[in-house]
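Structure, as structure tokens:
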Amino acid sequence: MSGGKYVDSEGHLYTVPIREQGNIYKPNNKAMADEVNEKQVYDAHTKEIDLVNRDPKHLNDDVVKIDFEDVIAEPEGTHSFDGIWKASFTTFTVTKYWFYRLLSTIFGIPMALIWGIYFAILSFLHIWAVVPCIKSFLIEIQCISRVYSIYVHTFCDPLFEAIGKIFSNVRISMQKEI
């Protein structure tokens, strides 16, 4: 990091969070403005999307890739007319393609809104409730763990050490009689 910008491995220039730029009411953006003219600035919250490969992490490889042959199959000896088979293939493929497009047109944006809200709530709860609750619990349980540790070292350690010394002299010998 240098001079109010982040540069990633591809050479993209990212803006620095406002607190690292100086006073939030008077950020020192003049020096940064001169450097911005050299490279294109990318905001950390915007991202280019790939319109060709829409599943770059392969989330739906095993679930959604269903073709005609995966659903409908005629065994040897039981074949319909070739024209019927071709028409069935075309009907299945076109119906699946256009019905998916229709459903995504109607429900895609509302579902994206619902899932966006859901994951925003989930992130908010994790950041502002779960992690602080766990940290609080760990701080509160620390005194109990100290008492438990003292108990174990005072009572259990000597007991098990004595039992270990008792059984340390036990020897087993096996003889095979003929």
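Cβ coordinates are placed from backbone N, Cα and C, and glycine is handled just like the others.
So that you can see what the record holds, here are the features copied from Swiss-Prot:
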CROSSLNK  Lys5  ubiquitin cross-link
CROSSLNK  Lys26  ubiquitin cross-link
CROSSLNK  Lys30  ubiquitin cross-link
CROSSLNK  Lys39  ubiquitin cross-link
CROSSLNK  Lys47  ubiquitin cross-link
CROSSLNK  Lys57  ubiquitin cross-link
INTRAMEM  105-125  intramembrane segment
MOD_RES   Ser2  N-acetylserine
REGION    82-94  region 'Interaction with CAVIN3'
REGION    131-142  region 'Interacts with SPRY1, SPRY2, SPRY3 and SPRY4'
REGION    167-178  region 'Interacts with SPRY1, SPRY2, SPRY3 and SPRY4'
TOPO_DOM  2-104  topological domain 'Cytoplasmic'
TOPO_DOM  126-178  topological domain 'Cytoplasmic'
If one measures from the C-alpha of Lys57 (ubiquitin cross-link) to the C-alpha of Lys47 (ubiquitin cross-link), what distance in angstrom results, rounded to a whole number?
16
Within 10 A of the CB of Lys57 (ubiquitin cross-link), the number of other CB atoms across every chain shown is 6
Lys47 (ubiquitin cross-link), number of other Cβ atoms within 10 Å
7
